[in-house]
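K.L.:
Shown below is the structure under consideration.
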Amino acid sequence: MSAEDILNEIKAAVINKAPGNAVITDVEFEGSEVVIYAKNPELFSNNLIKEFARDFRKRLAIRPDPSVLVEPDIAKDKILKIVPEDAEITNCIFDANTGEVIIESKKPGLVIGKEGSTLEDIKKAIQWAPKPVRTPPIPSDTIKAIRATMYRERADVKDILRRIGRRIHRDVRLRDDSWVRTSFLGGSREVGRTCLYHQTPESRILVDCGINIAVEDEKAFPHFDAPEFSIEEIDAVVVTHAHLDHCGFIPGLFRYGYDGPVYCTKPTRDLMTLLQKDYVDITEKEGKNVPYSSKDIKNCIKHTIPLDYGVTTDIAPAIKLTMHNAGHILGSAIAHCHVGDGLYNVAYTGDIKFEASRLLEPAVCQFPRLETLIIESTYGGYDDVLPERDETEKEFLRVIAETIARKGKAIIPVFGIGRAQELMLVLEEGYNQGIFNAPVYLDGMIWEATAIHTAYPEYLSKNMRNRIFHEGDNPFLSEVFKKVKNTNDRRNIMDSDEPGIILTTSGMLSGGPSVEYFKNLADDEKNSIVFVGYQSEGTLGRKIQKGFKEIPLMGKNGRSKAVKVNLSVHTLEGFSGHSDRKQLIKYLRKLKPIPDRILTVHGEVSKCIDLASTAYKLFKKETKAPMNLDSIRLR
């Protein structure tokens, strides 16, 4: 049966069972949902909606017909009249495709009203479905731009969703003897360019599609030359998190003809857009070939369908996706794919942290069903036991305090997302305790990434949420943090005799402001550089770690200049957003259910093999450390 035939059946059933005065105007597939448009959507009871969802075995959404929605300008005026001024409404964002209006305010409780009474008044007055949220304390240009794109291109976005819906909901029933296989196109026995390719007789799913920013040849990108891979056959792309080694090439897929959905959490959508734009800007400035443009990033945004943790969604014929917290960075997810009607279950961890941090809760380790687990191995080697976080924080603050005491500057190269915010929390506490007294400069994308963090407090740890909401203390707003707004600010910081701490991207000194700071501050022994994250082989960061005393770097005139390395060099591994060996093994021990097969990826050769070997000894299950271009039949 075609998707059109299925939709017609659903339409007939809805019209037959819906209240007569609901006035059904349309029923459509939009992405994974069946969307029912009605002039009086409030007449649909929760029981009737549940009955439809059970009968159709699909996610259901009831939305007001566009004709009954009050014009946004008039609707905003009505909202401001209904809601008490004390709520301090700062913005109203109207989404014509969903019929929702996001109401940002400093006191969302007043927008809700007693037992939701104010929300009901708003809905009756404007017909839009109100969604109150707390105003982010730091405005985000990225979120603003994404919302503007989605509003400006709303007609195109609706067409995209309907086209995707028809592809998802075509009638497909996998036989009991159907096969499931995964091809490893990148990130196997290496770190960088992560890309998995799940295949069934009816569907093709790409999970992550990253870039290895440490290399410049074809090894920077996944193996799109694999014989089984065809960009025209991809049904969906899933993104586990926003680091470039997992999401860096996704806009490139659109450049070369992909026209399907991208599934990720909302924070991942926003953060990956930020990183992709930054990657394009830096690559262009360095005169290198850029694999895609800002137009391709915009196209990616329009095709992105955000998912919440724990929500199961149809993403392709006979494949359902559920995303679970991975504990790595904001919005990071474990991608659990359910194939067929109980036929097979495979989960890919992405990058995981199985330990609570200041910022995030630990990774989820319990699933309804699981036959194959694909797990990262960044620190999977026998000797990869990282120091305890408390001890690492003390050592970090000691290095900072000593550097400031000798009137030096501490350069801390970091990924703009995740580790930067963790370190901000440590530095804020150290400053409050009087361990050091100097400004912390935030350069590169760190300020904007932090703004995005403040927009999604529900993804932060319970302790952070309590501190922000109940104690009224947002550490990201501390007076110690100073935004570096432009190159003049950067030059003034480098030329100043005053001590300071510089949090800057990129984390491996593969580009961005961190390289400029290093060039200008490396020869002064009063200064220090503190590595808090993994440094890939071949990067400037790895060379500094190895103790190079002189490093040739390109100057502004295009000529190579030898930079003397006199500053003190420190490496602190305990801040990693990855699980170390102990945490990885603990994760496998806690995993429920224990899968039949464990595959190790995302690590240097020895680390992937070591973790696979240990997993076999512990669980006596099939284990393997696949190589790039391997294909494994899972079922």
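Count begins at 1; order follows the chain as displayed.
Keep in mind that glycine also has a Cβ here, set from the backbone N, Cα and C atoms.
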K.L.:
May I ask you to find which of Asp217, Asp270, Asp351 Swiss-Prot records for the Zn(2+) 1 site already listed with His241, His243, His328?
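P.N.:
So, going by the record in Swiss-Prot, that would be Asp351.
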K.L.:
In the same chain, which residues outside the set Asp245, His246, Asp351, His602 have their CB within 8 A of the centroid of the CB atoms that define the Zn(2+) 2 site?
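P.N.:
Surrounding the site, in chain order, are Gly187, Val191, Gly192, Thr194, Asp208, Gly210, Thr240, His241, His243, Gly350, Glu376, Thr378.
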K.L.:
Report the same-chain neighbours of His328 (Zn(2+) 1 binding site): residues 6+ apart in sequence with Cβ closer than 8 Å to its Cβ, ordered by sequence.
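P.N.:
Correct list: His241, Gly350, Asp351, Ile352, Lys353, Leu360, Ala363, Gly418, Gly577, His578.
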K.L.:
Could you measure between His602 (Zn(2+) 2 binding site) and His243 (Zn(2+) 1 binding site) for me? Cα positions, answer in whole angstrom.
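P.N.:
Counting only the Cα atoms, the answer is 13 Å.
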K.L.:
Determine which residues of the same chain, besides His241, His243, His328, Asp351, have their CB within 8 A of the center of the CB atoms at the recorded Zn(2+) 1 site, and list them by sequence.
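P.N.:
Near the Zn(2+) 1 site, beyond His241, His243, His328, Asp351, sit Thr240, Ala242, His246, Ala326, Ile329, Ser332, Gly350, Gly418, Gly577.
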K.L.:
Under DSSP, is Asp245 (Zn(2+) 2 binding site) helix, strand or coil?
P.N.:
helix
K.L.:
Counting across all protein chains shown, how many other Cβ atoms sit within 10 Å of the Cβ of His241 (Zn(2+) 1 binding site)?
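P.N.:
The answer is 28.
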K.L.:
Enter the number of other CB atoms within 10 angstroms of the CB of His243 (Zn(2+) 1 binding site).
P.N.:
28
